[in-house]
Amino acid sequence: MGTEIPRSGEISEALLPGSEKTATELDHDEDVPEWKEQITIRGLVVSALLGTLFCIITHKLNLTVGIIPSLNVAAGLLGFFFVKSWTGFLSKLGFTVKPFTKQENTVIQTCVVACYGLAFSGGFGSYLIAMDEKTYNLIGADYPGNHAEDIINPGLWWMIGFLFVVSFLGIFSLVPLRKVMVLDYKLTYPSGTATAMLINSFHTNSGAELAGNQVKCLGKYLSLSFVWSCFKWFFSGVGDSCGFDNFPTLGLTLFKNTFYFDFSPTYIGCGLICPHIVNCSVLLGAIISWGFLWPFVSQHAGDWYPADLGSNDFKGLYGYKVFIAIAIILGDGLYNLVKIIAVTVKELCNNSSRRLNLPIVTNVVDDSEASEILLVKKKRDEVFLKDRIPLGFAVSGYVGLAAISTATIPLIFPPLKWYFVLCSYLIAPALAFCNSYGTGLTDWSLASTYGKIGLFIIASVVGSDGGVIAGLAACGVMMSIVSTAADLMQDFKTGYLTLSSAKSMFVSQLVGTVMGCIIAPLTFWLFWTAFDIGDPNGPYKAPYAVIFREMAILGIEGFAELPKHCLALCYGFFIAALIVNLLRDITPPKISQFIPIPMAMAVPFYIGAYFAIDMFVGTVILFVWERINRKDADDFAGAVASGLICGDGIWTIPSAILSILRINPPICMYFGPSLSK
């Protein structure tokens, strides 16, 4: 989510800036370190530090709005900065320092992404927290299908254990196909390619200078963001109605409908990173829902639903918000799942697909550069194939981990019987291949969609006796496998283009996953202990917790006790999501670029419009910046955005400590209507 789906087809990497057309920068005679030398102690220490920071940022975004932009640029920049600073410092002290290579940079990038990826796929803002008592109470003890037996509250040790038994299978599932996916099919994996180009540029003279300037820019905005977040805290008082986070910038009337700018560096940073169409889609969804739909439904209180219900009662307006958001999410996910599976099957069944339809990398260069390009490609192929990962090791690793997981998961989630887990692992490699192949074509991972399918199937099969817990746990099993498999193939593509060993990529993915299995639950526990997670009126709403639990209940009970006309509205928005996606695919690019993305539109339906205003401010800043100085915007927008997000994320740590120590902000800045005389 938060990424536009590019159209598949032939893509020439030689047309991309900094790619193979600048092959002379990628000397085919350069020495490549052995795979063990690419993994260093200093690299692992930096990976752990950055992994912790990005886990905190991911949790914060996951528990507030659910939109998580790519942090790969920040991970690459900060990894480069920390190691370069460390080696430079030791050199000045007279120590002999091992040179910092692009292969080591790639290992750090892989570790960090694997680590903070588990903060998302681990379900801390979705399926795991959907099992807790607070979400159960929010839906209502008397709600059909919502049983008190289906409660498992978050626990640090069982969450760490669960991640350890489910997070490694995806890594082993597709290792034997790495040559097929990267060399034979030549899938582009756009994010992996972009990351490789970024790392390659860092390790040239001109690129290192630009990277240094980007780091300075990131540091400046990180400091500003941290200081601003600290300043805001002093005015946030006790409760949820004080401070800049509740500033009625557009007036009190619009404030009641959640239209206000809340001065959040994180959301402005998201607006700078996410494409313009994503930000505009979020704002459009906010206008449709909070500007028109919810005021219209509210006018029928007493007719469509009882007027005296609480603001979080599913039989009232709250039910419309949740179920219509679910309808849009399912419509968008189903469309893209069918689309990518259809594209995958078509390409695989076409005998000439390798030459015609797959995104083959073509050498768009003149004859004088052709031989150099071929030498570079030969060098990359040799390095990629040199350190083999034995087939027997991959298969035995998958089988062994699957056996351990099949025996362990029912102990953590008793309703999910061992035979359901075993069936999941039997079909998981095929689903992981589909997702990885689709990601290579479109850069769009459908891990959460596969997870929702598993959720519905298992919940409906198990039924009312434990179906909610079983469905949510099955969702986690499926998401973990297909997500990590796609991430690994992205890493293999990055490693291929940076002359990094496939074995070092595999090991760094394993190490990063180990880090994530420990760091992601620990950082989540910081939030869980310090803040009121799941409060629909607080900053940490955990919006997807309610949505995922309701999906599990829908798999068991169907549409029971919905408010009047809610089901009809759900059907309408589900069909609308399908139609809008279809229009995005069949219209020419000059038109489709202005058609909104349904998944992005769905988020504010449930959460509110305030973060959409912040993200739109970010996109307006970027738009103006691009018009004034396009090169500067391209070079530094990502650094500015990353600084804003990281600074606000770092402030979360002292904020949580203050909350745990019960130290409250000294001032409550509150706004209300003026008193009439």
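Cβ coordinates come from backbone N, Cα and C, glycine included.
Here's what TrEMBL has on this protein:
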type	residues	note
TRANSMEM	43-61	transmembrane segment
TRANSMEM	67-86	transmembrane segment
TRANSMEM	107-130	transmembrane segment
TRANSMEM	156-177	transmembrane segment
TRANSMEM	277-297	transmembrane segment
TRANSMEM	317-338	transmembrane segment
TRANSMEM	389-412	transmembrane segment
TRANSMEM	418-437	transmembrane segment
TRANSMEM	468-489	transmembrane segment
TRANSMEM	510-530	transmembrane segment
TRANSMEM	566-583	transmembrane segment
TRANSMEM	603-625	transmembrane segment
Can you see whether the transmembrane segment (418-437) and the transmembrane segment (156-177) are touching - at least 3 CB pairs under 8 angstroms, only pairs 6 or more apart in sequence?
yes
Do the transmembrane segment (156-177) and the transmembrane segment (566-583) come together with 3 or more C-beta pairs under 8 Å, pairs six or more apart in sequence?
no
Using a Cβ-Cβ cut-off of under 8 Å, list the residues of the same chain that are 6+ residues beyond the ends of the transmembrane segment (43-61) and lie near it.
67-68, 71, 74-75, 78-79, 82-83, 104, 107-108, 111-112, 115-116, 118-120, 124-125, 266, 270, 508, 511-512, 515-516, 519-520, 523-524, 526-527, 645-646, 648-650, 652-653
Do any residues of this chain, six or more beyond the ends of the transmembrane segment (566-583), have a C-beta under 8 angstroms from a C-beta of it, and if so which?
319-320, 323-324, 326-328, 330-332, 334-336, 339, 559, 592, 595-596, 598, 602
With Cβ distances under 8 Å as the criterion, find the stretch in 317-338, 468-489, 510-530 that has the most pairs with the transmembrane segment (277-297).
317-338
With CB pairs under 8 Å as the measure, which of the listed stretches 67-86, 107-130, 317-338, 468-489, 510-530 comes out on top against the transmembrane segment (603-625)?
317-338
